[in-house]
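Worksheet: one structure, shown below.
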Amino acid sequence: MYRNIVILTGAGISAESGIKTFRDQNGLWEQHSIEDVATPEGYANDIELVERFYSSRWQQLHSDEVSPNPAHYALAKLEQAFDGNILVITQNVDDLHERAGSRRLLHMHGELNKGRCPKSLQTFILREPFGPDNCCTCCIPAKRLRPHIVWFGEMPFGMDRIHDALDRCDLFIAIGTSGTVYPAAGFVDSANHHGAQTVEVNLLEPDRHSQFQYHFTGKAGDIVPQLVDDILDGKVIGSEPIAL
Ligand code: APR
């Protein structure tokens, strides 16, 4: 049935894994100012504050309280069983898709598990919290690693690959994203323009401006496994309600 599937995930797919979203009640942006911890200016202004913000999220990611949920595993199952092309584009910086087994994966907003040399742009697996002694090995003198995170005002990663995939896809599914941050928020328009079926999975009902053709309201961990089974059974998404 479908030959080219593109999936966009946001913080909502990791919410059931114990990772805070950004804009839900008690979300990350209620506790921190975006300007202070998610912009180059904020980093230049108070490097230690920004390092504490990302180091604490990195440490939580590697605690026992966080692990992939059924939605992550379902997307990995889809990648392994689907005989067409699939690409998971994630806005998330956690590694839960990888831990669940996804490989056809693009982190457009960077990764918590990496630091980046500010000079060479080389990335390094993070082995300790950010700080003055956590430096690159590519420069002399060594440079203090920065979070390998795309901050507001910086260019997301993989945009050429993303546009190519959106141009070719026949099914676009957005899971657990508020659709408030561009360019990700505009991917549905591109998919619609290229004739793809567009589907959204979100805890909340769609608002009247939603550009998605189909919407499934509920938890990603409940809906995505069933959605994946329907796709693998050759069903047309939206032709019948999801049987939860
Ligand atoms: N299942 C499905 N959807 C959920 C769940 C869940 N269990 N829990 C929350 N959601 C939905 C919320 O209704 C909301 O629409 O997930 C969405 C989370 O929205 P945001 O917190 O805005 O996260 P996201 O869309 O990923 O933010 C995009 O903004 O701050 C930047 O770089 C940051 O990548 C992030 C980008």
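Glycine residues also receive a Cβ, built from the backbone N, Cα and C atoms like all the rest.
TrEMBL does not curate its annotations; it predicts them automatically.
The active site, proton acceptor annotation in TrEMBL covers His109. What TrEMBL records for 10-29, 91-94, 176-178, 202-204, Ala220 is NAD(+) binding site. The substrate binding site annotation in TrEMBL covers Tyr54, Arg57. What TrEMBL records for Cys117, Cys136 is Zn(2+) binding site. Summarising the annotation, TrEMBL assigns domain 'Deacetylase sirtuin-type' to 1-235.
Positions of the features from TrEMBL, shown on the structure.
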{"residue": "Gly10", "record": "NAD(+) binding site", "CB count, 10 Å": "26"}
{"residue": "Gly18", "record": "NAD(+) binding site", "CB count, 10 Å": "14"}
{"residue": "Phe22", "record": "NAD(+) binding site", "CB count, 10 Å": "19"}
{"residue": "Asn26", "record": "NAD(+) binding site", "CB count, 10 Å": "8"}
{"residue": "Arg57", "record": "substrate binding site", "CB count, 10 Å": "18"}
{"residue": "Gln91", "record": "NAD(+) binding site", "CB count, 10 Å": "23"}
{"residue": "His109", "record": "active site, proton acceptor", "CB count, 10 Å": "20"}
{"residue": "Cys136", "record": "Zn(2+) binding site", "CB count, 10 Å": "22"}
{"residue": "Gly176", "record": "NAD(+) binding site", "CB count, 10 Å": "25"}
{"residue": "Leu203", "record": "NAD(+) binding site", "CB count, 10 Å": "15"}
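Taking Cβ-Cβ distances under 8 Å and a sequence separation of 6 or more, the neighbours of Cys117 (Zn(2+) binding site) in its chain are Thr123, Phe124, Cys136, Cys138, Cys139, Lys143, Leu145. Around the Cβ of Ser14 (NAD(+) binding site), the number of neighbouring Cβ atoms within 10 Å comes to 26. Checking the recorded positions Gly10, Gly18, Arg57, Gln91, His109, Leu203 for a CB within less than 6 Å of any atom of ligand 1 leaves Gly10, Gln91, His109, Leu203, listed in sequence order. Gly10 (NAD(+) binding site) falls outside any helix or strand according to DSSP and counts as coil. Among the binding-site residues Ser14, Gly18, Asn26, Tyr54, Leu203, no residue is found with its Cα located within 10 Å of the Cα of the residue listed as 'active site, proton acceptor'.
Cβ neighbour count for Tyr54 (substrate binding site): 23 (other Cβ atoms within 10 Å of its Cβ, all protein chains included). Here Arg57 (substrate binding site) is positioned 13 angstrom away from Ser14 (NAD(+) binding site), judged by their C-alpha atoms. You'll find the Cα of Leu203 (NAD(+) binding site) roughly 23 Å from the Cα of Arg57 (substrate binding site). Mean per-residue pLDDT, taken over the domain 'Deacetylase sirtuin-type' (1-235), amounts to 97.
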